[in-house]
Amino acid sequence: MAAILSRDAMQEAMVIVWTRADISNLIGAISLAFWLCNGIPLVYEIWRARSAEGVSIGFVGLWAVGDVLNLAGALWAGLAPTVVVVSIYYIFSDIIILGEAYYFNYIYKRGESIVDTLEQEVAGVAPPFAPDNEADESSALLNDGKHTAQTRILTYDVLFNVAAVLLVIVLGAAGWYASLYIPHDGPHRDHKHHHGHGPLPPTDDKVALGPQLLGYTSAALYLCARIPQILKNYRKQQTEGLALLFFIFSVFGNLTYAASIFAYNSEKAYIMSSMAWIIGSLGTLIFDFIILGQFLHYNKRKHLRVRRASGQSVERESSILNI
């Protein structure tokens, strides 16, 4: 009998009673994880390419100003220390990206041009040209290899991006689970919206007009920041130098943030009071999807050019062999 009672008690202890606040906090923690990881792909891509030519300085600059205003608003409103720390982290990430852009676009590039000039002076003459038939053969092999390599890289990139998104979701959920064992005091114990790049997070307390204005201004900057990047991609007809994962994380961060608001309370009055945050998150998605569409369009066109060049090389090689 005692064994049965103890087993029943253990089963009851293992049952988790999910409230709307719990679901909202879980989704909010996942959103926070996406925003914390958001800048990492772009920092790595700039470092890997040794160039920030593909990144619009206007995009990063507006983003950074928005983060500074967000931090000022959080300090002014006296929000939780975690909100302040996250805002400082965003600014730190912005400084790294801007620092990389300045270094690789100006200092590093200047050093490279000097080295190239010296190498040309030392070489003195251009290397001899290969015979036409050897050039055609090597061109065919090169294009075939490039087509195969691009197909493999595309498959790898898709798998890597999916794995990265799943990993961030797991990290966010793990962070939320760990927070259950940390004591929380104060009125916001049950409702903790972790804001991303947007206005100050909605709370049950009234926030002064000044901090709110700073928050809305930062949201407008986040929204408009994508425009310089979209225009730059269009002018260059490519997205080389950008990190696709940066914008994927942004999409998931905004989606989960808006979802956390709806999950907490779906009543009309609450949704209307949170409409600014919902519009800020979902509105940014329009520009993010435009950039994702540019990635797909320009990369597909590049892939087709390689395939076309590969086909032309094969035809040229077969015509040479038939002579």
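Using the three backbone atoms N, Cα and C, a Cβ is placed for every residue, glycine included.
Where the annotation comes from TrEMBL, it is an automatic prediction and has not been curated.
The transmembrane segment annotation in TrEMBL covers 23-44, 56-77, 83-104, 158-178, 213-231, 243-264, 276-298.
Proximity of distant same-chain residues to the transmembrane segment (56-77), defined by a Cβ-Cβ separation under 8 Å and at least 6 residues beyond the stretch ends, is recorded for 83-84, 87-88, 90-91, 94-95, 97-98, 101, 195, 197-198, 200, 207-208, 210-212, 214-215, 217-219, 221-222, 224-226, 228-229, 231-232. If you look at the transmembrane segment (83-104) against the transmembrane segment (158-178), you find fewer than three C-beta pairs under 8 angstroms, all six or more positions apart, and that falls short of contact. Contacts between the transmembrane segment (158-178) and the transmembrane segment (213-231): absent, as fewer than 3 C-beta pairs lie under 8 angstroms at sequence separation of six or more.
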